[in-house]
Structure formats: C-alpha cells, structure tokens
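Engineer: I am attaching a structure below and will ask some questions about it afterwards.
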Amino acid sequence: MAKDFQDIQQLSSEENDHPFHQGEGPGTRRLNPRRGNPFLKGPPPAQPLAQRLCSMVCFSLLALSFNILLLVVICVTGSQSEGHGGAQLQAELRSLKEAFSNFSSSTLTEVQAISTHGGSVGDKITSLGAKLEKQQQDLKADHDALLFHLKHFPVDLRFVACQMELLHSNGSQRTCCPVNWVEHQGSCYWFSHSGKAWAEAEKYCQLENAHLVVINSWEEQKFIVQHTNPFNTWIGLTDSDGSWKWVDGTDYRHNYKNWAVTQPDNWHGHELGGSEDCVEVQPDGRWNDDFCLQVYRWVCEKRRNATGEVA
C-alpha cells in the first residue's frame with residue numbers, strides 16, 4: 001500500500017514538472033489545443049487519480065447513509081402502523097364491510113319490492129286488458145244490434161202503421177204486407193229457406209193467396225237477386241204445355257226477360273227423365289230452364305191492395 005502511494009505521488013510530480021505545462025518554454029510557445037486551434041476539439045484533461053478516488057468513496061458513504069436512514073424510517077413507520085394506524089385501518093375496513101353489507105341488503109330488498117310491485121302491476125294490466133276486450137265485444141254486439149234495428153226500423157214502422165190502420169178500420173182494410181213478407185213497389189214477397197220441386201212450390205204460394213214470383217222489370221229482378229243470392233230459386237215461368245207462360249197470365253213475349261247465354265235449351269242430359277220445363281234464377285241473376293223435379297228455394301208474390309187479396 002505504501003509503495004502504491006509513493007507511485008501515485010511520483011506520477012503527480014512528473015505531471016507538474018512536464019515542460020509542456022510550464023507556460024512558454026525556451027524558444028517555443030505553449031500551445032493549447034482547445035484554444036490555439038478552434039478546429040481541434042477534444043475531451044477535457046483528466047482529473048488527478050486521488051481526487052477521483054476520493055469522490056467515489058464519498059459518494060459510496062453518502063449512499064450507504066441514505067439507505068440506512070430510509071430503512072430506519074420504514075421500520076419506524078411500519079411499527080407505528082402496526083401499533084396505531086393498523087388498528088384504525090382494521091376498524092375502517094370493518095366499517096366499510098358493514099356499510100357494504102347493509103347496502104347490499106337494502107338494494108336486494110328494493111329489487112325484490114320492485115319485482116313484486118311489477119308483478120302486481122302486470123296482473124292488473126292483464127286484468128284491465130281482459131275487461132277492455134270484453135267491453136269492446138259488448139259494444140260491438142250493441143252496435144250490430146243497433147244497426148239491425150235501424151235497418152229494419154222503416155219496415156217495422158210501416159208494419160205498425162199498417163196494423164194501426166187495420167185496427168181503426170175494424171179489419172175491413174189491409175194496406176200492408178203480412179208478417180214475414182217483404183214489401184216492394186206495391187207487392188209483397190215471401191222468400192223460402194228450404195227447397196221444393198217447382199209444382200210443390202207453386203202450390204205452397206197458392207195456399208198463401210199468392211203465386212211464384214213474376215219478374216216484370218230489371219228493378220224487380222235486382223230486388224229478387226238481392227234476397228236469393230247465392231241460391232238457385234224457382235220463379236213462376238213454365239212451358240209444360242209447349243209454350244212459355246207466367247203463372248199469373250202475364251204476356252211472356254212482351255214482358256221482361258233475363259235468360260242466360262244459350263238458354264232456354266230444354267237440355268235432356270241431366271238423366272232425370274223428361275224435359276226442362278221450369279225456370280230458376282241462378283245466383284248471378286240469369287234465368288235457366290231446368291228439370292221441374294229439381295229441389296230449389298222459391299219466392300211467393302202477391303199484390304198489396306185494400307183488401308189484402310191477390311190482384
């Protein structure tokens with residue numbers, strides 16, 4: 001170690017006695033590379049070795065002292081935390097746990113209450129919806145009944161007026177159609193809801209002081225179809241004796257006609273025996289001659305007059 005220290009002192013003496021560090025030498029001028037030549041730049045001259053070693057030792061001692069001080073502070077702080085702050089922290093933690101537990105319980109209770117309330121509201125809505133639907137159905141039924149009465153009100157009013165007049169005349173005058181008969185342009189019509197052969201239908205009408213309907217105009221034709229569609233219906237036209245005739249004697253040749261295309265054809269292909277001598281109105285209103293034993297609905301007609309007899 002002593003030898004190394006002497007070597008270091010010798011190196012320092014040599015550096016101080018170097019001729020290039022003594023200002024200007026004999027016959028020469030001291031050149032400073034960093035000053036004399038601006039184009040030459042290099043690192044600054046190195047510090048003495050002893051100074052560098054001293055700086056390193058001081059830095060190490062300072063770092064060691066700081067670490068020891070930091071360790072002491074940590075130990076003291078930890079000890080205080082374990083003694084006082086730790087207990088307070090534990091208390092605060094327990095308080096937070098309790099508050100969270102209470103919050104969870106209250107929230108769960110509120111959710112259950114909302115769910116129960118929502119279920120009851122849903123039941124009420126369902127019940128109200130059912131009641132509303134029933135009320136709508138009742139209103140629709142009342143509306144339909146009202147429309148029905150309004151539709152038949154004029155007929156009912158005429159019937160009441162007719163009955164009043166009949167009572168005032170002590171039965172001597174009858175100016176309205178019988179019950180279940182429909183009045184149209186001075187005639188009374190009865191529409192069947194079952195079927196008969198043509199001859200049986202005509203006989204039924206005669207028992208009512210009427211006959212199978214005789215169609216005299218397009219207006220009457222339209223009225224008949226409105227009440228018979230979609231059924232095939234017998235009318236009072238036949239050619240059983242070889243020529244077409246209306247049952248009330250109306251002239252066939254000059255009266256209204258509404259035959260379907262190619263009709264009458266007296267077709268025999270029905271394989272029922274006999275010819276087609278009776279007329280039925282089809283659902284589209286066109287006339288067709290048919291086998292008289294076919295079973296169709298029918299319409300009776302009679303004129304309305306003061307005595308109620310068939311005109």
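Keep in mind that glycine also has a Cβ here, set from the backbone N, Cα and C atoms.
Relevant sequence annotations retrieved from Swiss-Prot are reproduced here:
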- Cys177-Cys188: disulfide bond (DISULFID)
- Cys205-Cys300: disulfide bond (DISULFID)
- Cys278-Cys292: disulfide bond (DISULFID)
- Asn102: N-linked glycosylation site (CARBOHYD)
- Asn170: N-linked glycosylation site (CARBOHYD)
- Asn305: N-linked glycosylation site (CARBOHYD)
- Ser13: phosphoserine (MOD_RES)
- 1-44: region 'Disordered' (REGION)
- 5-8: motif 'Endocytosis signal' (MOTIF)
- 1-58: topological domain 'Cytoplasmic' (TOPO_DOM)
- 80-311: topological domain 'Extracellular' (TOPO_DOM)
- 59-79: transmembrane segment (TRANSMEM)
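Can you walk me through where each of these features ends up in the structure?
Structural biologist: Every protein chain considered, the tally of other Cβ atoms within 10 Å of the Cβ of Cys188 (disulfide bond) stands at 22. Taken residue by residue with DSSP, Cys188 (disulfide bond) is part of a strand.
In the three-state DSSP assignment, the secondary structure recorded for Cys300 (disulfide bond) is strand. Its Cβ taken as reference, Cys300 (disulfide bond) is surrounded by 23 other Cβ atoms within 10 Å in the chains shown.
Around the Cβ of Cys292 (disulfide bond), 21 further Cβ atoms fall within 10 Å across all displayed protein chains. Cys292 (disulfide bond) carries neither a helix nor a strand DSSP state and counts as coil.
Under the DSSP three-state reduction, Asn102 (N-linked glycosylation site) is assigned to helix. Listed in sequence order, the residues of the same chain lying 6 or more apart from Asn102 (N-linked glycosylation site) and placing their CB within less than 8 Å of its CB: none are present.
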Engineer: Most Cβ neighbours within 10 Å: which of the disulfide-bonded residues Cys177, Cys205, Cys278 is it?
Structural biologist: Cys278
Engineer: Select the closest residue to Cys300 (disulfide bond) from the following disulfide-bonded residues, measuring between CA atoms: Cys177, Cys278, Cys292.
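Structural biologist: If we rank Cys177, Cys278, Cys292 by Cα distance to Cys300 (disulfide bond), first place goes to Cys177.
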Engineer: Determine, to the nearest whole angstrom, how far the Cα atom of Cys292 (disulfide bond) is from the Cα atom of Cys188 (disulfide bond).
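Structural biologist: Computed Cα spacing between Cys292 (disulfide bond) and Cys188 (disulfide bond) is 25 Å.
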